[in-house]
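Feature list (source: Swiss-Prot):
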BINDING   Glu123, Arg124, Asp177  S-adenosyl-L-methionine binding site
COMPBIAS  239-252  compositional bias 'Basic and acidic residues'
REGION    232-258  region 'Disordered'
Amino acid sequence: MEEQGMGIRVEAMSPEYAHQATAWAERLGLPLQDDAAGFAVQVGADGLQIQQLGPQAPGPVRVDFVDGQAAHRRQFGGGNGQMIAKAVGIAQGVRPQVLDATAGLGKDAFVLASLGCQMTLIERQPLIAALLEDGLTRARSDDEVGPIVGRMRLLTGNAIERMRNWEGEAPQVIYLDPMFPHRDKSALVKKEMRVFRPLVGDDLDAPALLEAALALASHRVVVKRPRKAPIIDGPKPSHSLEGKSSRYDIYPKKALKA
């Protein structure tokens, strides 16, 4: 048997999803057959998911804004008192327009949208963007979550280029959560990180990301970092909000007002 590699194939979970699988394969430029693939983009009743293949592989990764972790955080996450809410400047009468330039699976953007912020998301990795698009599409039909994801607009491509060539009104706040090269072991075992790492790699362009964000944002830039990680090379943040495992470095440009 061939060793599991870095290749990616698309597969239908059952015959009725073969047409959708073919459509995604064409769109993503991926094969429907690859016995040596290390990953599979699977299409089924629960939408789109990425499954790492092989005997030690963790479970699938998908975007679900309606049930599970997202639902729990929406109901019990602490509302406007959450650190991320304070970091982006949510306050009484203030719901900034936020650009999440490193969207990933959209968890932080969804939290901010659920608190009333108009969100624009950028995701550079086409597979992750596909998961996000699929999750947003499914969530739109939910009575409770539909209005929240209605505040989330997804863009794909290189966030640095997107920000440098921005058209229209600048976002008030830009939120960055770059991949960090040396997560501690407990975080590394999270299945999402195990799947993400080989597909996405580290964001070694974090200083350029910060520079582009500072040039574009009208009011502030917020950078999420592991708690003990160094600040990104470049201008120093004015202050930080620190939690148990992560912190938010805040780069203000002007005050957000109601």
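Note: Cβ is positioned from N, Cα and C throughout, glycine not excepted.
Set side by side, the binding-site residues Glu123, Asp177 differ in how many other CB atoms lie within 10 angstroms of their CB, and the most is found at Glu123. Taking a C-beta cut-off of under 8 Å and a sequence gap of six or more, Arg124 (S-adenosyl-L-methionine binding site) has these contacts in its own chain: Thr156, Gly157, Asn158, Ala159. Note: the S-adenosyl-L-methionine site is recorded as Glu123, Arg124, Asp177; in the same chain, Asp100, Ala101, Thr102, Ala103, Gly104, Leu121, Ile122, Gln125, Ile128, Ala159 also have Cβ atoms within 8 Å of that site's Cβ centroid. In terms of DSSP helix, strand and coil, the compositional bias 'Basic and acidic residues' (239-252) has 0 helix, 11 strand, 3 coil.
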